[in-house]
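Annotated in Swiss-Prot:
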type: DOMAIN; residues: 12-207; note: domain 'B30.2/SPRY'
type: MOD_RES; residues: Lys53; note: N6-acetyllysine
type: MOD_RES; residues: Lys130; note: N6-acetyllysine
type: MOD_RES; residues: Lys139; note: N6-succinyllysine
Amino acid sequence: MALPFARCWKLYRWGTKRWGVPAVESRRGISFKLEEKTAHSSLALFRGDTGVKYGLVGLEPTKVALNLERFREWAVVLGDTTVTSGRHYWEVTVKRSQQFRIGVADVDMSRDSCVGADDRSWVFSYAQRKWHSMLANEKAPIKGIGQPEKVGLLLDYEAKKLSLVDVSRISVIHTLQTDFRGPVAPAFALWDGELLTHSGLEVPKGL
């Protein structure tokens, strides 16, 4: 099924207002929580809005009413802070999910699309015990990572790069070339279990 994609400048305007001042490059980099207003109805946030868990629609729906910022078709949620410059690093505990996508997305991407399925989001996906990078619904396999408990994400806005990081070795596993055109926010999708984010971290030495 073809995925609809429509850009909405009104949503972008509201989004930047809601997310407030964009993150700037600093020693500690981006610090964010998950924005419940964007969360699909199958997702619930926990641990001070730093974690997200998946549940069947109608069983544990988010308490937030339907709104223009909310993802309608896919189990997606965005971070509440935008990035417009600098190098930023955060980690995600992934051990309790078997199917997810993590990365970044334009704040005004279509709420009827899924991250990785359009050309305004850049993600690393995990499903069927395999990792892939994703852009515009095109997948590229990632080898040599296995099933870690936690992974890192390194965003270099000026270089237009998003990297998946092995947190045990502090080394880059795979780098996805991006095409940022405006503010981006951390992005997450999952169809099983839960994810937990860890932000406000320094970029590790050597990366």
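Backbone N, Cα and C atoms are what each Cβ position is placed from, and that goes for glycine too.
Here the features listed in Swiss-Prot are painted onto the structure.
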| residue | record | Cβ within 10 Å |
| --- | --- | --- |
| Lys53 | N6-acetyllysine | 19 |
| Lys130 | N6-acetyllysine | 13 |
| Lys139 | N6-succinyllysine | 14 |
For this session: Determine, to the nearest whole angstrom, how far the Cα atom of Lys130 (N6-acetyllysine) is from the Cα atom of the residue listed as 'N6-succinyllysine'.
Result: 11
Exercise. About how far apart, in whole Å, are the alpha carbons (Cα) of Lys53 (N6-acetyllysine) and Lys139 (N6-succinyllysine)?
Worked result: 24
